[in-house]
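Feature annotations, courtesy of Swiss-Prot:
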- Asn9: site 'Discriminates between blocked and unblocked aminoacyl-tRNA' (SITE)
- Tyr14, Tyr64, Asn66, Asn112: tRNA binding site (BINDING)
- His19: active site, proton acceptor (ACT_SITE)
- Asp91: site 'Stabilizes the basic form of H active site to accept a proton' (SITE)
Amino acid sequence: MKMIVGLGNIGRQYAQTRHNVGFMIVDELASKLNVTFQTSKFEAQVATAFQDGEKILLVKPATYMNDSGRAVGPLMSYYNVDPADLLVIHDDLDLPLGKVRLKQKGSAGGHNGIKSIISHVGDQHFKRVKVGIDHPQKMSVVDYVLGKFTPAEVAKFDDAKITALAAVEAWLANDDFTAVMNQYN
């Protein structure tokens, strides 16, 4: 079983914001897999898909971004998901807008949603798809990440979304994340 988590903030006011790229990409993946999200008892929306006989859980925590681990940890325990089978999709301020970077494991790198997952899972050996949103030039980080993409930024994000989805689909198809990293990084 694999678990793919998209990070974001719940609520209409956060839809289509830079901080919600994880939600947007997981929504697109659910659409491609023809599954819909249901509210679970674990403070998350969960969609279940099957590919080549393997169960795939798509997850959108219903906590706020900085508390994502509160949903992810219990879900992993309940479904007995190994950290090696967890992939988290999230925004990254340190990558240029539209750049996608895959990572096998590691620290939170300043991302509070990832920090929360590491804390609740008790392990940092899980996969990530980091989507660059760039760093704000003249505004606060909070205002920037909670802001919507400008019309000029949308095309770059759309390209990143295509790349991120292709990378996730490649991992689901062949389970060799190192090869996927070599192809997409």
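Using the three backbone atoms N, Cα and C, a Cβ is placed for every residue, glycine included.
Known features from Swiss-Prot, placed on the structure.
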residue: Asn9; record: site 'Discriminates between blocked and unblocked aminoacyl-tRNA'; Cβ neighbours (10 Å): 22
residue: Tyr14; record: tRNA binding site; Cβ neighbours (10 Å): 18
residue: His19; record: active site, proton acceptor; Cβ neighbours (10 Å): 22
residue: Tyr64; record: tRNA binding site; Cβ neighbours (10 Å): 17
residue: Asn66; record: tRNA binding site; Cβ neighbours (10 Å): 14
residue: Asp91; record: site 'Stabilizes the basic form of H active site to accept a proton'; Cβ neighbours (10 Å): 24
residue: Asn112; record: tRNA binding site; Cβ neighbours (10 Å): 15
For tRNA, residues beyond Tyr14, Tyr64, Asn66, Asn112 with C-beta within 8 angstroms of the site's Cβ centre include exactly Asn9, His19, Thr63, Met65, Asp67, Ser68, Gly113
Cα of Tyr14 (tRNA binding site) to Cα of Asp91 (site 'Stabilizes the basic form of H active site to accept a proton'), in Å and rounded, measures 14
Between the C-alpha atoms of Asp91 (site 'Stabilizes the basic form of H active site to accept a proton') and Asn112 (tRNA binding site), the distance in angstrom, to the nearest integer, is 11
Sequence-ordered binding-site residues within 10 Å (Cα) of the residue listed as 'active site, proton acceptor', taken from Tyr64, Asn66, Asn112, are none
For Asn9 (site 'Discriminates between blocked and unblocked aminoacyl-tRNA') and Tyr64 (tRNA binding site), the CA-to-CA distance in whole Å is 5
